[in-house]
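Contents: one structure, followed by commentary.
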């Protein structure tokens, strides 16, 4: 009897099919941590445990502020600013400068959010944090700061109402008046409706466009031209005001040592005081110089023709280097004994 043979048609290498859950999209998150949290590993580990590490990035705020880190553009759906190690946001708020806000805004996707871990970001409208976020291009929606969508264009119809022929109407040289114009926010003209034709002869011309006025700067608005009503500046201060002592600031008060210079727009009286002192010193010096001047009547003649007549020291003719302190010829050049010396207007003539 022949043995029976059974053939197994099932493949031994058939892979086991497993079902995987796929999400339509993954929200990419960026965590910005202050420097103080780097030394508290436990707190940082607890924060990372609440986020999916496959779609979560961690950056330090101080490195971002110093320009050591570059964020990719239009990448993150959520940027979360972590609190400091002590539970506040004092350190992170100091690092959030205008430059850092600009980098964060570029890294956000359209409609992405910028939040803080404690939920207090952008709550104070008068705060510097809120102002810098608005200047960076973020908007507030539902109490959350997010990046708006600037690509969407909205058509704004501009309806130009027609007026009767009796009223003036501005006419364009390019053609008949336009009834409806739709202009998108992006600045590009979408459509122009120019179906209505109006003859130019039926529209009266007006040299002055509507809404344009002219200002006559010479018009005094019917004010009375009375120059007597001008205030005399000499009457602003009374005699009692002039008697009051001047309030000199402490920095302008006289001090020992180097004399202080007056300010350019001095109002405390220091400039006048210094000018008066300088004038007195100049007058005193001029009076002293005036006493030393010799007039034409003050001519003196010294005759040394008499032989054998010498001074007390005998060195008068040798020069100042050999003359005594009381010599009347100090300042005169050396001369020969017996030579006639004349003093004419303080000039020595030999």
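From the backbone N, Cα and C atoms, a Cβ is placed for every residue, glycine too.
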For Swiss-Prot, the entry region 'Fe-S binding site B' belongs, out of 313-327, 328-342, to 313-327
Please report the number of other Cβ atoms within 10 Å of the Cβ of residue 263 ([2Fe-2S] cluster binding site). 13
I need the CA-to-CA distance for residue 263 ([2Fe-2S] cluster binding site) versus residue 324 ([4Fe-4S] cluster binding site), whole Å please. 51
Cα-Cα, whole number of Å: residue 268 ([2Fe-2S] cluster binding site) versus residue 324 ([4Fe-4S] cluster binding site)? 54
Distance [Cα-Cα, Å, rounded] between residue 327 ([4Fe-4S] cluster binding site) and residue 266 ([2Fe-2S] cluster binding site): 52
Per DSSP, residue 316 ([4Fe-4S] cluster binding site) is which: helix, strand or coil? coil
